[in-house]
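Per TrEMBL, the features are:
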DOMAIN    12-203  domain 'Tubulin/FtsZ GTPase'
BINDING   G20, G21, G22, N23, N24, G107, T108, G109, E138, R142, D185  GTP binding site
DOMAIN    205-322  domain 'Tubulin/FtsZ 2-layer sandwich'
Amino acid sequence: MDENLDFVKVAKIKVIGVGGGGNNAVNRMVTDGVKGVDFYVANTDAQVLKGITGVNKIFLGRDITQGLGAGGNPEIGRKAAQESENEIREALADANMVFVAAGMGGGTGTGGAPVVAKIARDLGALTVGVVTSPFTFEGPRRKRQAFAGLEELRKNVDSIIVVSNDRLLEVIGNRPMNEAFREADNILRQSVQTITDLIAIPAMINLDFADVSSVMKDRGDALIGIGMAEGENKAQEAAKRAVSSPLLDVSINGAKDAIVNITGGPSMSLFEASEAFATITEAIGNDVNAIMGVASNDQLDDQIIVTIIATGFEEDQPEEEVVVTPKQTYTVHGNKTTTVVEDDDEDPLPGFIRNRKI
């Protein structure tokens, strides 16, 4: 029996960070120990690539840029990626699923990410974009370029998760600029890890690649929400927080499909997992096609973490208003801290939970 299992194909997942923002996001994923994934970074700046270790590298547009970068010009980023199509195609050839990570608004990521995504999709991989939109303080030019780049990227991915840096800034408050960018990298890391953990890490109730594909293939905009709670009614509270993210550009209401990952300590019961799942499906709508994975983590003790990725939204959906509220922190495990953005006591849906590496 075990010998026969040796021939079972395991889904091949790859993450490729395009441009400086995508490279930083991949570095965060590697540092935080995201498992079951092959990592790549692609850039037009040779100096940046030289400073990155521990991942596969793709030098984009050797002839076009001479290794000096795209100069903030998406057209150069696009042409550089097209010049390096063979290298990109070779890197992604055997992938079942490809995440394309980028910071939109600059040259290489904005122009190159859609090219990389198209190559991945043409190769038959389930292709998901995980990107950030620029802070307002980065200037109107980057905003305009980001908008155009997002439109092009949407044409070439199955699903896309967009983290609004302006919304992130509202939540994290008056912190140093480098911390703000690190938080954006962290949200991209969470977006990828939520999905890869469900496929690659053994759990009490696992999801397979076909499950994930059924929720993410040809779905367009996607949302990720993460909630944590402890104590009485923790399953419901964690689920409520997961469905009320103020950071992402899509409201969860009206999603047609969802992946739900519920992780708790050794004391978590199946009833609690079921309760969290029911809370989420009620918030989205009972007609949602939702699939659930359940995992145990000894380091969580009395806490429950609920992660949701929702897809299948109607076009032209209005964005939710961002409500900035006080924060509390809980030490979850090891070197990570979870920050809870809480709503007023009268609000039935507490805010978004973020895992932040110190």
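Backbone N, Cα and C atoms are what each Cβ position is placed from, and that goes for glycine too.
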Sequence-distant neighbours of G20 (GTP binding site) in its chain (C-beta under 8 A, six or more apart): N43, D45, V48, G103, G106, T108, G109
Those binding-site residues listed as N24, T108, E138, and which of them has the most Cβ atoms within 10 Å of its own Cβ: T108
Per-residue pLDDT averaged over the domain 'Tubulin/FtsZ 2-layer sandwich' (205-322), given as an integer: 83
DSSP residue counts for the domain 'Tubulin/FtsZ 2-layer sandwich' (205-322), split into helix, strand and coil: 35 helix, 38 strand, 45 coil
Position of peak Cβ density within 10 Å, selected from the binding-site residues G22, D185: G22
Pairwise C-alpha maximum, in angstrom, for the residues (G20, G21, G22, N23, N24, G107, T108, G109, E138, R142, D185) that bind GTP according to the record: 19
